[in-house]
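Copied from TrEMBL, the annotated features are:
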COMPBIAS  60-87  compositional bias 'Basic and acidic residues'
DOMAIN    14-193  domain 'CT398-like coiled coil hairpin'
DOMAIN    205-239  domain 'C4-type zinc ribbon'
REGION    55-97  region 'Disordered'
Amino acid sequence: MKAEPADQIRLLDLQEIDSKLAQLAYRARTLPEIAELQRLDTGIEELRGKVAATETELSDLDREQRKAESDVEQVRSRSDRDSKRLDAGQVSSPKELERLQSEIASLRSRQSELEDIVLEVMERRETAAERLAELRKELADSEAAREAAEERRSSAALEIKDEEASYKERRERIAAEVPDDLLALYTKLRDQYDGVGVAALQYGRCQGCKLALSTAELGQMRTAAPDELLRCEECRRILVRTSESGL
Ligand SMILES: [Zn+2]
């Protein structure tokens, strides 16, 4: 294929921009904030689960405490009733008197046991409430960290988008000046060879595959017409001669 030397140089400019665009796309995909957000999301999900479980535990303990308190109340009121009967002197039979006194004694001991249960439940409830407060704080901190990371991610992404837009604009201007067949060949090779379709020949070396050309190849290139489109023997990319080619 034939191509004006100026158009060949334009291809190098296009390649530079395309490589830059590929780098920007890579940077956008691999922003550190993306991994950070994933890590934070996992932590937040885990914390939300723990908060929900602790809330359930706390409401179970509330119910347990109310039940234990009502048990105490029941025993206490029965023992009060017995005591009143005793104090009022309503009981005259010694056998009944003994039964009542023994019942009061056993109710008091039962009440004391139930009061211990209330205390124990209250302690467990307090521990759970403290843990819930800690978990809620940890969750709020993680959510705040997520928001900050999201803000950083979004501003970095915007910056990349702006840079991309300016490169794309330049690219469009340059591409418009390159003949269609040359542009099509470049695009095909670029897609085929890892994003690089054209390279400069620099001091006898192809900048696409970084290999030095043989003396024979260099000799052929030295005598080739300036508008002849050269290809690297090694990597098959378009090879462009510049003032630094060492020919
Ligand atoms: Zn090469």
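Note: Cβ is positioned from N, Cα and C throughout, glycine not excepted.
Keep in mind that TrEMBL annotations are predicted by a computer and have not been checked by a curator.
Residue counts for the domain 'C4-type zinc ribbon' (205-239) under DSSP, split into helix (H, G, I), strand (E, B) and coil, are 9 helix, 8 strand, 18 coil. Across the compositional bias 'Basic and acidic residues' (60-87), DSSP classifies residues as 28 helix, 0 strand, 0 coil.
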